[in-house]
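Colleague: Here you go, one structure.
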Amino acid sequence: MLEVSGLVKRFGGFKAVNNVSFRVDQGEILGLIGPNGSGKSTIFNMLSGTLPPTSGSILFAGHEIAGLAPHRIINRGIGRTFQIPRPFRKLTIFENVALAGFYGQGRHSRVKAEEAAERALAMVGLPTDRHASVDGLGAAGLKKLELAKALATAPKLLLADESLGGLDEAEMDQAAEMLRKIRDELGITIIWVEHIMGVLMRVVDRVMVLDHGEKISEGLPSAVASDPRVIEVYLGTDAETTQAAAAEARRRAGV
Amino acid sequence: MTGQGRLAAWAVGLAALVALPFVYRDPYHLHILVLILIWSFAYTSWSMMGRFGLVSLGHGGFMGIGAYVTALLWNHLGLSPWIGIPVSMVAAGALALVVGYPCFRFRITGHYFVLVTLALSGIVLQVITATRDYTGGSLGYTPNRATTNKLLALQFDDKTTWYLIALAVWLAGIVVWHLIDRSMSRYALEAISEDEDAAAAAGVDVTAEKLKITLISALMTALAGAIYCQYQMFITPDTVSGIAVSLQMVFAAIVGGLFVSLGPTVGAIITILLAETLRIGFGTKAVGWDNLVYGVLLVLFIIFLPKGILGSVLDRLKSQRKVSRTHEQEAVKIAR
């Protein structure tokens, strides 16, 4: 469904993303992990059109989408959430999602937009009441709103950017379940960028690990969690903590 | 107020406004009312953009184009304002797109956008002044008096006709304001004003939405300039174009209230009454005082009453109604 090859993003002399290639199959949840500054968000920004790639190709459903404007990419069926929720505070919760339903589906129909908003809000578990204000939402609620906005654009592929930051353990598990539910019930393919490795490992089908803008490992969660290169760059080189963390990661991944 | 109640209030108010010149005929007061209506329309046009954080100081330019293009076409080519006004609007619209597109495409926002539009105002004023052989320069310009077909020339001697024209134009502006307020474009523009990237991620074509509202705003402002010219039959670069006129729009819209449909109208009433009072009270000694007062008031409003007079009053009424409603509910509960 998505085929990325030789993707490069250079900021001046700095290569944020260096020759990264990967593919995502229909109905899959791909986890994308890596330390801070490894290029995860940059890849997301190129996939969603926020940044044009320096070079490389992004084929979505057989069409080249590299360098297209964000709204065109959304209309082709790639929705995204932001790492830090970016709600529109001048609009109500419902209006936030209806806006995405109206413009994101490329149909510009108010009725369809409101239907999409109701479905998306129900899916993530937010009230479908038309007058509820964004100001009443906490961290978990804002993440749900972010997800509802993306869902209302009727994506075929969802780019979920670190959706668990700032949540407690129970909320994290809920959110991870949510992504699985979105894939299982709506058939939406997902790329999930996440810092918190344990929860991610339980939900994703495959993991790709980035470091310094390069892909260093890719495969099943169990295999990646025990890849020494991943353990080194992702969990640090301090032997004792590394081993403990790796064991924890394996345990959570159910290996 | 319920939807029906609100509609009824509008209908009654409108009927009273239409009936007014047939009952009340004082020419000076009618003149002031015509000015208030025309400027209200101009301020409403400005606030179409202003309410979404697109602060333009270029609208003096659009107004000047509306006024001067219409008058020049009439005097030099004998083209009726009925054609000249649409032509002038198209000219202003084209200029708005030429200036707006690169601004929006390359994300010139906030202060930088204000600066670009400020330059636009200055340039239009300079062009009018520099082409004095055609435009009369800073001495001003008068459309030739029509002797035979006044309707074709859009020139009328009686104040009642002008009052009704101005009322119709003003009303059209209010209707457009409400149409936009209810459209999905409002959601998109509110979203854009907060966060362009997030709006784009919701599928909004940010550049196109901004261009659309800029175009509507520029077309309307040019119409205001043309109507002003036809009514006054005398225009100078300083009264219909330039930075001073742009600032006057910003001031009136902010004072009246940017976020409610009648806010700019309230702003026009206040600014025009203020200018007239100063003119009559102090005569030529007070030339320019109104601008001084505007400046001081603008600062005070932005700090203490950012929603403007009408916006703040409506807010207060709304919260009072909410309070009284909760009191009623409490009373009902207690009664049970």
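Cβ coordinates come from backbone N, Cα and C, glycine included.
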Colleague: Quick one: which of B:53-74, B:207-228 does TrEMBL have down as transmembrane segment?
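Modeller: The range carrying the transmembrane segment annotation in TrEMBL is B:53-74.
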Colleague: State, in range form, which of B:53-74, B:112-131, B:250-272 has the highest count of Cβ pairs under 8 Å to the transmembrane segment (B:161-180).
Modeller: B:250-272
Colleague: Quick check: do the transmembrane segment (B:250-272) and the transmembrane segment (B:7-24) share at least 3 Cβ pairs under 8 Å, counting only pairs 6+ apart in sequence?
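Modeller: Taking Cβ pairs at least 6 residues apart, the transmembrane segment (B:7-24) and the transmembrane segment (B:250-272) are not in contact, as fewer than 3 fall under 8 Å.
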